[in-house]
Ligand SMILES: Nc1ncnc2c1ncn2[C@@H]1O[C@H](COP(=O)(O)OP(=O)(O)OP(=O)(O)O)[C@@H](O)[C@H]1O
């Protein structure tokens with residue numbers, strides 16, 4: 001088994017296939033219109049702005065620079081018109097109706113609050129973006145981040161959605177101070193988690209949840225949110241530029257549509273002292289939020305401003321396969337780098353007994369107490385609805401496990417904690433990095449792991465969650 005990126009040369013091609021020329025198209029975009037495109041996973045297009053001005057979710061594109069997009073659904077918007085050249089095949093169309101004016105007005109309203117905050121030495125707005133799945137929350141967060149960067153601000157961007165990573169592997173929840181431009185070719189860009197970088201870096205404060213939905217284990221999700229809020233608030237108060245800009249918080253769609261969602265939204269609102277909520281793409285959610293937050297006050301006595309925004313017609317649903325493939329691409333990039341930066345990960349073989357691995361429990365478990373059923377002359381277990389037979393026993397958040405074959409191809413988070421720390425301390429610790437389980441050898445009781453750097457991990461607790469899912473194609 002060979003691992004790409006570890007020095008093995010690629011096998012020489014047995015024959016040379018004819019090189020097919022990729023189709024080239026030039027699009028003329030009118031002012032206030034948007035060119036929307038979808039590039040399949042494994043495919044790519046090159047885009048060049050020939051003239052005019054254009055942006056991707058708020059980040060301005062340079063004229064005559066070649067941008068490459070792989071496996072992405074996105075759009076290029078122009079306020080004043082532009083000509084673009086596209087090389088390669090993708091699904092595409094141009095739209096004239098967009099909610100961009102609403103979005104830019106929201107940005108200017110936030111700017112006003114930031115100016116006032118800077119003058120009074122207070123914190124800038126703490127903005128929460130909520131809305132159903134695929135309503136365009138992350139795209140709006142990107143746009144508001146990009147516009148604030150263009151004004152010379154430094155926003156703290158918080159990701160509370162573990163399904164997608166923000167400058168980190170999916171499964172993590174992060175807070176990232178942004179001081180430099182978003183890399184439009186790579187979504188949010190990448191963070192040099194495993195190497196030094198010549199360009200200004202964005203280093204996220206990273207915590208690990210390891211499950212796809214907050215509702216999978218609210219007992220784990222909520223304290224991690226509390227920890228993330230504490231860490232980001234203290235980072236914010238230490239830096240006047242970040243403090244005046246404030247926070248922009250992305251949320252998972254599921255908390256805007258599930259029954260238990262409001263409890264989670266309230267938790268995020270109170271932990272981050274949110275004072276502005278942007279509700280995107282749902283009248284009903286907006287009116288529910290109005291009702292529930294009308295009398296609410298933050299810890300500093302502020303009221304909450306609620307703003308309703310339209311969903312862009314460009315938002316597209318992403319199926320499980322697409323999500324799996326983008327997650328796998330994010331994992332690959334973490335270990336091996338991307339088209340611009342090649343990393344050199346290491347493998348290490350470690351004995352079962354040298355590792356402390358905690359598996360995240362999903363949900364709350366009810367342990368039933370045995371009851372005697374005289375008619376059956378046997379002992380049966382009461383199910384949870386029977387009175388008197390149930391004892392709700394709380395187990396730890398994590399279950400200590402030995403390595404086993406089902407761990408193969410999974411990601412383990414290496415925590416900034418010691419092996420003697422309590423489970424609560426491990427939960428509250430930030431993430432030091434991630435390793436990938438390349439091989440599990442049951443006979444020799446050894447595990448081969450891939451890691452970005454040859455750091456010792458045996459003195460750290462590792463967490464094993466179900467998200468991101470196993471990345472089978474990482475080892476070729
Ligand atoms: N104007 C647009 N044109 C083309 N594609 C878009 C546009 N806006 C958003 N998208 C795409 O639609 C998809 C969903 O958007 P986005 O990720 O912003 O939604 P979300 O509400 O954050 O989703 P989730 O609830 O899953 O976190 C993404 O692939 C995004 O790139």
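Heads up, the Cβ atoms here are built off N, Cα and C, so glycines get one too.
Automatic prediction, not curation, is the source of TrEMBL annotations.
The annotation in TrEMBL ties 34, 134, 135, 136, 137, 138, 139 to ATP, and of the candidates under consideration, 48, 73, 112, the one tied to the same site is 73.
The binding-site residues 73, 137 differ in how many other CB atoms lie within 10 Å of their CB, and the one with the most is 137. In sequence order, 253, 256, 280, 281, 282, 311, 315 are the residues near residue 135 (ATP binding site), counting only same-chain partners six or more apart with C-beta under 8 A. Taken through DSSP, the domain 'Clp1 N-terminal' (28-117) splits into 18 helix, 44 strand, 28 coil.
Regional average pLDDT for the domain 'Clp1 P-loop' (131-336) in the model is 91. For the binding-site residues 134, 138, 139, the largest tally of other C-beta atoms within 10 A is found at 139. In sequence order, 280, 281, 311, 312, 314, 315 constitute the residues six or more apart from residue 136 (ATP binding site) in its chain with CB-CB distances below 8 Å. Long-range neighbours of residue 34 (ATP binding site) (same chain, six or more residues apart, CB within less than 8 Å of its CB): 75, 76, 77, 78, 94, 95, 96, 98, 100, 314.
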